[in-house]
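Noted in Swiss-Prot for the protein shown:
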DISULFID  C29-C40  disulfide bond
REPEAT    79-100  repeat 'LRR 2'
REPEAT    103-124  repeat 'LRR 3'
REPEAT    176-197  repeat 'LRR 6'
REPEAT    205-225  repeat 'LRR 7'
DISULFID  C281-C306  disulfide bond
REPEAT    352-373  repeat 'LRR 8'
REPEAT    374-394  repeat 'LRR 9'
DISULFID  C390-C391  disulfide bond
REPEAT    400-422  repeat 'LRR 10'
REPEAT    423-444  repeat 'LRR 11'
REPEAT    472-495  repeat 'LRR 13'
REPEAT    497-518  repeat 'LRR 14'
REPEAT    521-542  repeat 'LRR 15'
REPEAT    545-568  repeat 'LRR 16'
DOMAIN    579-630  domain 'LRRCT'
DISULFID  C583-C609  disulfide bond
DISULFID  C585-C628  disulfide bond
COMPBIAS  830-841  compositional bias 'Polar residues'
Amino acid sequence: MMARARLAAALIPATAILSCLRTESWDPCVQVVPNISYQCMELNLYKIPDNIPISTKMLDLSFNYLRHLGSHNFSSFPELQVLDLSRCEIKIIEDDTFQGLNHLSTLILTGNPIQSLAWGAFSGLSSLQKLVAVETNLVSLNDFPIGHLKNLKELNVAHNFIHSFKLPEYFSNLPNLEHLDLSNNKIQNIYYEDVKVLHQMPLLNLSLDLSLNPLDFIEPGTFKEIKLNGLTLRSNFNSSHVMKTCIQGLAGLKTNRLVLGEFKNERKLQRFDRSFLEGLCNLTIEQFRIAYLDKFSGDDTDLFNCLANVSVISLLSISLGSLQALLKDFRWQHLEIINCDFDKFPALKLSSLKKFVFTDNKDISTFTEFQLPSLQYLDLKRNHLSFKGCCSHTDFGTTNLKHLDLSFNDVITLGSNFMGLEQLEHLDFQHSTLKQINAFSAFLSLRNLRYLDISYTNIRIVFHGIFTGLVSLQTLKMAGNSFQNNLLPDIFTELTNLTVLDLSKCQLEQVAQTAFHSLSSLQVLNMSHNKLLSLDTFLYEPLHSLRILDCSFNRIMASKEQELQNLPRSLTWLNLTQNAFACVCEHQSFLQWVKDQRQLLVGAEQMMCAEPLDMEDMPVLSFRNATCQLSKTIISVSVVTVLLVSVVGVLVYKFYFHLMLLAGCKKYGRGESIYDAFVIYSSQDEDWVRNELVKNLEEGVPPFQLCLHYRDFIPGVAIAANIIQEGFHKSRKVIVVVSQHFIQSRWCIFEYEIAQTWQFLSSRAGIIFIVLQKLEKSLLRQQVELYRLLSRNTYLEWEDSVLGRHVFWRRLRKALLAGKPQSPEGTADAETNPQEATTST
């Protein structure tokens, strides 16, 4: 027990300490691609983590403390293809360090202060194509043991301490070398012996970068008969004289691409004289680029004479001022002028020029016509140019133009429908201000146009024929514009070959049902950043080839259930994020559809509810159908309850007095009646009731007590309550005096209906009908129930004659005596006049 207690006492603090350690200390690397790519950058590692899988192909160990790389250091990763060891403070690399990495193609050693590099350090790297050894304290290429890397294509040893340009003999064993970067070293002189290996074993695909080396001298003839793919000399010369002599030292060089000049932040030359380029006459060049040279001195008319036969010339950030140097008819086929300083637009006349790029230039606002008859590609973007009456072949001096980019300029007024430019395939106006585009069919003649960009051109589309003639168009971008009434009309009728359409940020609220009917080839449709309120899938039903649909950043609440089936079957990518979804049971089918279509919907997890308030900013996927089932149950129960209450209320309201009568029957059912009969009659017949009925019955023998409303009803009590409580409940029988006035009186009919109920509820009750006068059958049939009763039952009919009166009163008294408790007097009187009642129908 004591031993166990001691063990527990020791383990508890240890466990506490371990629990405080970060989980990264056990598994430090970030898994970028499972079992393939791992990033272990800046983790203070002193060795390679043991838990990295053997299948790893990309491993980043940069910014650690590996310091010493021993033999077979990476043999656990035979599949490795890319290894980054940048700035790991590596000082020693032993023999066979990378042995076994037969698939490694890229090795990066940047920023390591290597002091000892064994001759067999790079053995085993039979597939290595790129080796980066920037800032590795390398002093000479002779000390770099790479002669066996026959597949090496790129060697970057920039920013070291190499003083000699001498290329070792082993370069003859690197036949695939394409790029050698020696920039920012300490090379000052280049001699013929330095490049002897290039004379013996030409590397025709080699591009050589010597920028930022303090060159002072190049021995004449050094590069004679040498062929290079490219040579870059930027920020190399401290004076104009040195530059001139060094360029002359390149005489005899044949290169596909030559780059001269300086870097933006590495300026050494104060002035640039046209004579600097005279030495280029002794070189054979296909492409020439000059960058960041300004303050030209002297006449620059003949500046480019030595470049007359160059195919491609590029001027980057050059301040020429005068344009005389560009006004000659050189044989250039490709001219780039980027971010240069000119007084005015160059009026070029280059008969061979096929491609002209003139972008980001300063202080030029007015376009000037030029003559370029062979021109096919023209890029004039970002110059703040204005065009009046654009565009026709006379503006550019060519009828062969296929690519025209006028984007990011000022105002462009369309004055013609591109006459003479029928071969155009690419046209870009984005972020320029287009005018008069609604005046006529500006693109009518462009039947070969495949790409059109009029995005953010400040146009409001009114003219429905704006795209007439564009029968070959495949890509149309028109984002950031607007439409009349914010409605997208049917303007794409002729665009049957369209595959990409961008309508984002067009303030669209509605889309015509036939807007996309002609676009059966459309594959990509961008409807984002508009004001659409619903996902109307009927619009997209004709788009049989549609693969990508972006409806993000709208105001879509939902889509109708029956419409969701109309989305094209070809659709593979649908973006509905950033909309105002209504997560309510009304749209339950749509919300369920969102859950079912997660593979189709991009960013389904980012689809948020906008309403109701209790679900605002919650994911649409969090909506639960059970909520709707519960709500439906509650609603159903509530509806049924309301209906039942309503029905009961209506029945109670309709039969309120009948219920009162029923309650009274139970209350007074066993008591004695006060009245012999309750008389129901019309006020129009009150004289007959007073003078005949009351006088003969109450003053006759035997006397009968009648209940009359004008005499026996209690004041202050509702008429209906008096009728039931004083009339029916306290009377043995009911006398109904039927006349034309009775039939037409609502109160009389009401009293009669209550009397029927009273007769049904009380076994002793009886109704005696007295018909005062002959009634028209048409009038009597208006009261169906009364008509039926009078047709089937015995009633008394009043006749104003001596015999008729005698018979009437005898029969009425007999009817009233039925069920009446007999008194001795009443019995004797009744026996003196025994008579039978006669029936009249």
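Just so you know, glycine gets a Cβ as well, placed from its N, Cα and C.
Worth saying up front: this structure is predicted, and the values here are computed from it rather than measured.
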Cα of C391 (disulfide bond) to Cα of C583 (disulfide bond), in Å and rounded, measures 52
For the disulfide-bonded residues C29, C281, the largest set of other C-beta atoms within 10 Å encircles the C-beta of C29
Within the same chain, the residues 6 or more beyond the ends of the repeat 'LRR 14' (497-518) and with Cβ under 8 Å of it are 455, 471-483, 485-491, 524-533, 536, 538-540, 542-543, 545, 550
Neighbour count check, CB within 10 A, over disulfide-bonded residues C390, C583; minimum at C390
Taking all protein chains shown into account, the Cβ-based neighbour count within 10 Å for C391 (disulfide bond) is 24
Of the disulfide-bonded residues C29, C40, C390, C585, C609, the one whose Cα sits nearest to the Cα of C281 (disulfide bond) is C390
Cα-Cα, C585 (disulfide bond) versus C609 (disulfide bond), nearest Å, comes out at 13
The rounded CA-CA distance in Å from C306 (disulfide bond) to C390 (disulfide bond) is 36
By the 10 Å Cβ-neighbour count, the most surrounded of the disulfide-bonded residues C306, C585, C609, C628 is C609
Long-range Cβ list for C40 (disulfide bond), cut-off under 8 Å, min separation 6+ in sequence, same chain only, gives P28, C29, V30, P49, I52, L59, D60, L61, N64
Restricted to the repeat 'LRR 15' (521-542), the mean pLDDT of the model is 95
DSSP tally for the repeat 'LRR 14' (497-518), helix/strand/coil in that order, comes to 0 helix, 5 strand, 17 coil
Residues outside the repeat 'LRR 3' (103-124) whose C-beta sits under 8 Å from one of its C-beta atoms, at least 6 past its ends, are 57, 62, 78-97, 130-138, 143-146, 148-149
Residues outside the repeat 'LRR 7' (205-225) whose C-beta sits under 8 Å from one of its C-beta atoms, at least 6 past its ends, are 158, 165, 176-192, 194-195, 198-199, 231-238, 242, 245-246, 248-254, 257, 263, 266
Expressed in Å to no decimal places, the gap between the Cα atoms of C583 (disulfide bond) and C628 (disulfide bond) is 11
Taking DSSP helix as H, G and I and strand as E and B, the repeat 'LRR 11' (423-444) has 0 helix, 6 strand, 16 coil
Taking only the CA atoms, the spacing between C390 (disulfide bond) and C609 (disulfide bond), expressed in whole angstrom, is 48
